[in-house]
Structures are given as C-alpha cells and as structure tokens.
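Have a look at the structure below before the remarks.
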Amino acid sequence: MTGELPVLLGLLLVAAAGTGAVLVRDPVRQSFVLSLLGLSLAALFLLLQAPDVALSQLAVGSALTPLMVLLSVRKVRRKARSERREERE
Amino acid sequence: MSAAPYVVAGWLFLMGCYGLATSRNLIHAVGCLAVCQSSTYVLLLAVGYRSGGTAPVFSDIAPGSRPVVDPIVQALTLTDIVIGATVTALLLSLVIQVAKRHRTVDPDELSELRG
Amino acid sequence: MTMRLRMWVLALGGLGVAVLYVLACLDLPSFGGHRHPYGDRAVRAALARHTANTISSVNFDQRALDTLGEESILFGSVLGTVVLLRQTRDEDRQQPEPARVAPSVRRYALFALPVTLLIGLYIVAHGQLSPGGGFQGGVVVATSLHLLYIAVDYRALERIRPLGLYEVADAAGEAAYVLVGAAALPAGWAFLGNFLPYGTFNTLASGGTVPLLNAAIGVEVAAGVVVLLARFLDQAVEIVSTDEEAEGRA
C-alpha cells in the first residue's frame, strides 16, 4: 500500500492541474497551466510504469500544445488590437 | 486507493466538459478539450497497471523475471497523445479562421451573429 | 439558450454521465490487479518476434493496421491545418525584423540544439529496444529545430526550414509506411505482416519490420510537426491582413 503513495500524489497533482486549466479563463495563463498539467501527467505515467507514454506526453503536453495555444492567442489578439485602433480613428 | 485513478479520470472529464460549456473564448475551449482528452489517458493506464509490475521493456530485464504492466493500453495512449496534439492544432487553426471571418472568438457572440 | 438553462442542461448531463461512469467502474478490474490476459499475450508475441520494447511491437507489428489509421489522422490534420492557415488574397507577408538575443540565451540555445536533435534521432532509432520510437522522437526532432528561433531569430529558422521539403517528407513518411506494409504481400504475408527475419534479440536490427515502420512514423511526425509549427508561426509573426499592414505603416 505504501508503495502506491507516489501514484496517489501524482493523481492529486493531475486532478489539481486539470481543474486549474479549466478554471483559469485567460488563454495565455491557461497555456501555462496546461504545460503544468502535461508535466504532472508525464510524472504520473512514469509512476504507472509507462516510460514510453511519459516521453510522448513530456514532448507534446509540456511544449507543443501550449506553444500552439500561445501562437493562436497572439494571432487573434493582434487582429483584435488593430481593429480597435481602426474604430478609434 | 484502488478507486482513486478512476475517480480522477472521471473528474477530469467532467471538469473539461464544464469548461467547454461555460467557456467565453474558443481558444480556452480547445484547452478544456485537452483536459477531457487527458482523462482518457489516466483511465487507460489505470486499467493496465499491475501492482509491483515494471515497464514492459525487455532490453535490461530478463523476460519472465518480473511481472510487467499491460503494454496494449500504453500503446493506445502513446499514439493518441501525438495524434491529439495535431487535432488540437487543427482546432486552433479553425479558431484563427473564425477570428478572421467574424472578428470574435466568443462562442456566445458567434451564435448571436448567426441568429 | 440563456446561461441559466445551459447550466441546468449541463448539470443534468454531467450527473447522467457520472452515474453511468460509476456503474461502469464497478465492473472494471480493481486498480493494480494481476489479471491482464491481453497484455500477457502481447508480451509473449513481442518476445517471439525478438522485439525488446513490447509497446513498439504492439504499435508497429501486432496492431500495425491500427497505427496506419492513427497516422492517417495525423496526416489529415496536418493537411487541414495547412489549408486553413494558408496566406489568403487579402493578406500580406511582413518581413520579421531581426531580434536582439541575450548572449547567454544564444549560447545555451545553440548548445542545446544539436544535443536535442541527437537525442531525438536516438529516441527514434532505438524505438524497438528502449522506451521511445517514431512518435516521441519525431516530436523531439521537430521541436529541437525551433531552438534556432530562440537562439537567433525567425529569419534564421526560415533559412534551415525549406517548408516544401518538409511537406514532401510528411507525405513520404505516410507512403513509406504503406509501401512497407504492401511489401509483405508478394512474400505471401498479410498486409503489414512482419515478413522480415526477426534478427538477434536486443540489437538495433531486431524486430523485422518494426524498425522500418518506426522510422517511417518518425519521419512523418517530425515533418508534420515542423509544418504545423511553421504555419502557426507564419500566422503569428509574418502574415498580416492588408488593413493591419496599413495600420503598421501609418
């Protein structure tokens, strides 16, 4: 039973990071929480004896997905900013 | 303890759905979908876990010397993580298109536009 | 639909899902149980085919057709993103300005780039032996190239990234997978059968077709991710609609 304590902690971390990723409404901040979720999922998978899956999650979840979210936000915001300026003119 | 992974998987899925339904920003909604996706990873790996088992990789352990966890669910999860990222990319590019056409990424404003 | 009504519908649906999920979980084997009939058979089959990493054996041998389907989803999503994020008629390209990078950042990124690239290639090449494979290694290879964006600037990245070549490599990876699968047919095997000699257990050439399919996936994932990130970076850094550009000049 004591051997499974790390798994339990990992599960709690994943649940907390997942909840945070939903409740943080600003997409920029959300992408950081998503990256944290990716890292904690990778740690959990490692504890569940799945190094292949952890490697995949580490590469994708902690870097690739948050990066794409950030780039989309930048594109959308830049568009919105230039339009607001236009309206003011 | 034995129910904890299943509880966490269910919690993540429901939280993701809640976020999807209440989101005011399509980019945030795509992030919530990623949370939903991760619940399936937790569920699959929890089903395949074996107490005291090790990873099913036999380059440094002799076959049969130790119990190993279920490799099939790991293979399923592994491919889905990479595929999931590319599908997220497709969704985000749809969001960028929506922002270009309708000048908003708020789903509520978008449905007002249509109606 | 008002927000209030929506929350009620959501609560009702969520409750239904929760009840069904709990009922389903009651019939699931308990966490950490010792009965894994499919897993045990997969391990036996992988060892019989001299593949040390059982997960690679499942992905590229025992369930290779399934991976073909997954890979096609990846190919389709990359294609869809390329089409959706192309430069349209009312958009122009703005030359990105050269950026100043702190020397310590530049030194670190230029040091990390070749190391990461090598690790990525190692992960792809050793997929049938140790944890890793085409899916993971491909992502690492693709992201390592983007360290150049951090180290220098966007124009340097564009110079080492002839996008057309990566698009061809993406398609070539997909085609190579199908061709290796079809090569089994003249040898009298089923499509995607493991028709090559299995080799010596725990060496680089072991596992028959597993290393070949693994490499094909590695090429496709690496090229696909590079193309995806290129499209997003183009949209975020270079491509501006004409009214935005007029704004910038004014």
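In case you wondered, yes, glycine gets a Cβ from its N, Cα and C as well.
Annotated transmembrane segment per TrEMBL: C:72-88 (among others), in sequence order.
The domain 'Na+/H+ antiporter MnhB subunit-related protein' feature in TrEMBL is assigned to C:106-226.
Marked as transmembrane segment by TrEMBL: C:108-129 (among others). Through the fold, the transmembrane segment (C:108-129) approaches residues 51-53, 56-57, 60, 136-145, 147-148, 150-151, 202-204, 206-207, 210-211, 214-215, 218, 222 of its own chain, all at least 6 residues removed from its boundaries and within a Cβ separation under 8 Å.
What TrEMBL lists as transmembrane segment is C:135-154 (among others).
Listed as Cβ neighbours of the transmembrane segment (C:175-192) (distance under 8 Å, sequence separation of 6 or more from its ends, same chain) are residues 64-65, 67-68, 71, 209, 212-213, 215-217, 219-220. The transmembrane segment annotation in TrEMBL covers C:175-192 (among others).
Annotation comment: TrEMBL describes C:212-233 (among others) as transmembrane segment. Taking Cβ pairs closer than 8 Å, the transmembrane segment (C:212-233) reaches residues 56, 60-61, 64, 67, 71, 74-75, 78, 81-82, 85, 120, 124-125, 127-128, 133-135, 137-139, 141-143, 145-146, 149, 154, 157, 161, 163, 166-167, 169-170, 172-174, 176-177, 180-181, 192, 196 in its own chain, all 6 or more past its ends.
Residues of the same chain lying 6 or more positions beyond the ends of the transmembrane segment (C:72-88) and with a Cβ under 8 Å from any Cβ of it are 167, 170-171, 174, 220-221, 224, 227-228, 231-232, 234-235, 239.
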